[in-house]
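Worksheet for the structure shown next.
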Amino acid sequence: MGHALCVCSRGTVIIDNKRYLFIQKLGEGGFSYVDLVEGLHDGHFYALKRILCHEQQDREEAQREADMHRLFNHPNILRLVAYCLRERGAKHEAWLLLPFFKRGTLWNEIERLKDKGNFLTEDQILWLLLGICRGLEAIHAKGYAHRDLKPTNILLGDEGQPVLMDLGSMNQACIHVEGSRQALTLQDWAAQRCTISYRAPELFSVQSHCVIDERTDVWSLGCVLYAMMFGEGPYDMVFQKGDSVALAVQNQLSIPQSPRHSSALRQLLNSMMTVDPHQRPHIPLLLSQLEALQPPAPGQHTTQI
């Protein structure tokens with residue numbers, strides 16, 4: 001584990017014997033803050049995620065998030081630059097130093113286009129989808145599931161390549177639920193950690209004897225694909241109106257007709273949004289179908305976003 005030292009008077013912090021200059025705040029969540037910092041040793045920008053740890057469990061979860069990052073060396077999964085635990089009296093902060101992506105998230109891109117009355121092209125969608133699937137394939141191959149895939153958790157690199165972030169909700173891919181108590185525990189966990197409008201149907205009402213597997217990510221991927229196609233998630237408006245998302249996801253999704261999209265893309269989306277998880281495809285099958293559609297290679301002008 002690295003060591004952190006705050007040098008507040010100079011607006012710098014030291015992590016693993018390297019000094020970083022605070023530039024500005026990037027955002028904040030319930031118990032975390034993200035700052036833009038510059039490495040004074042290399043001139044590169046980084047995102048410093050600071051997680052407030054009130055209890056031992058918080059520290060363990062932050063450590064686990066760092067461990068999840070360290071499992072992967074993959075172009076479509078966010079890498080961890082450094083991790084440390086900072087202590088100030090009874091207060092603890094877990095610091096995750098991450099690469100900074102100036103283009104922001106996939107959601108930022110969807111919103112930017114929507115503001116101009118535009119959408120991602122099908123070629124762009126296919127290329128992005130391929131990268132997201134490859135990231136998920138790597139996660140699933142290690143025996144884990146992401147569990148909180150959504151457009152705001154997908155960064156865009158300099159060439160527009162998708163990079164999966166926020167690994168704090170990751171857990172084992174295959175969960176054998178045996179009994180009502182375990183089912184309720186998992187359901188409560190999902191309510192806290194899996195964004196409601198991207199949450200798979202099987203996580204809203206967990207059965208007392210069932211298997212929850214990595215295909216919860218495939219449902220979420222379908223919601224991401226829908227957002228890329230139509231500028232909003234399939235259940236965003238349901239949630240915003242205050243209607244029941246849990247009820248809405250129990251019915252097969254009706255996909256709007258659009259001349260922008262091929263029947264093959266619509267069929268792909270339809271398969272991801274299969275309510276019965278046992279009938280939902282795994283990522284390797286989706287990858288083979290995507291590769292058969294032959295999206296343009298990275299760097300070709302049609303894929304640039």
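A Cβ is built for glycine as well, from the same backbone N, Cα and C atoms used for every other residue.
A quick note: this is a predicted structure, and the numbers were derived from the prediction, not measured.
If you look up Swiss-Prot, you'll see Gly2 marked as N-myristoyl glycine.
Annotation comment: Swiss-Prot describes Cys6 (among others) as S-palmitoyl cysteine.
The S-palmitoyl cysteine annotation in Swiss-Prot covers Cys8 (among others), and the record cites a curator's inference as its basis.
Residues or ranges marked as domain 'Protein kinase' in Swiss-Prot (evidence: sequence analysis): 20-293.
Long-range Cβ contacts of Glu28 (ATP binding site) within its own chain (separation 6+, distance under 8 Å): Val34. Under DSSP, Glu28 (ATP binding site) is assigned to a strand (E or B) in the three-state scheme. Taken from Swiss-Prot, the feature ATP binding site covers Leu26, Gly27, Glu28, Gly29, Gly30, Phe31, Ser32, Tyr33, Val34, Lys49.
As annotated by Swiss-Prot, active site, proton acceptor applies to Asp148. The secondary structure of Asp148 (active site, proton acceptor), as reduced to three states from DSSP, is coil rather than helix or strand. Cβ environment of Asp148 (active site, proton acceptor): Asp166, Gly168, Ser169, Arg193, Cys194, Thr195, Tyr198, Ser220 lie under 8 Å away, each six or more residues apart in the same chain.
What Swiss-Prot lists as region 'Activation loop' is 166-202. If you look at the region 'Activation loop' (166-202), the same-chain residues 6 or more away from its ends with a CB under 8 A from one of its CBs are 61, 64-65, 68-69, 77-78, 139-140, 143-150, 153, 208-216, 219-220, 223-224, 233-236, 238-239, 245, 249-250, 275, 277.
Sequence-distant contacts of Thr185 (phosphothreonine), defined by Cβ-Cβ distance under 8 angstroms and a gap of at least six in the same chain, do not exist. The phosphothreonine annotation in Swiss-Prot covers Thr185 and is backed by experimental evidence.
For Ser197 (phosphoserine), the same-chain residues 6+ apart in sequence whose C-beta sits under 8 angstroms from its C-beta are Lys150, Cys223, Gly233, Pro234, Tyr235, Asp236, Val238, Phe239, Val245. The annotation phosphoserine is assigned in Swiss-Prot to Ser197.
Tyr198 (phosphotyrosine): 28 other CB atoms within 10 A of its CB, across all protein chains. Sequence annotations record features per position, and here Swiss-Prot assigns phosphotyrosine to Tyr198.
Across the range of the region 'Activation loop' (166-202), the DSSP-based residue counts are 22 helix, 6 strand, 9 coil. A sphere of 10 angstroms centred on the C-beta of Val34 (ATP binding site) encloses 16 other C-beta atoms. Each residue in Arg50, Ile51 lies on the same chain as Leu26, Gly27, Glu28, Gly29, Gly30, Phe31, Ser32, Tyr33, Val34, Lys49 and has a C-beta within 8 Å of the C-beta centroid of that ATP site, without being one of the site residues.
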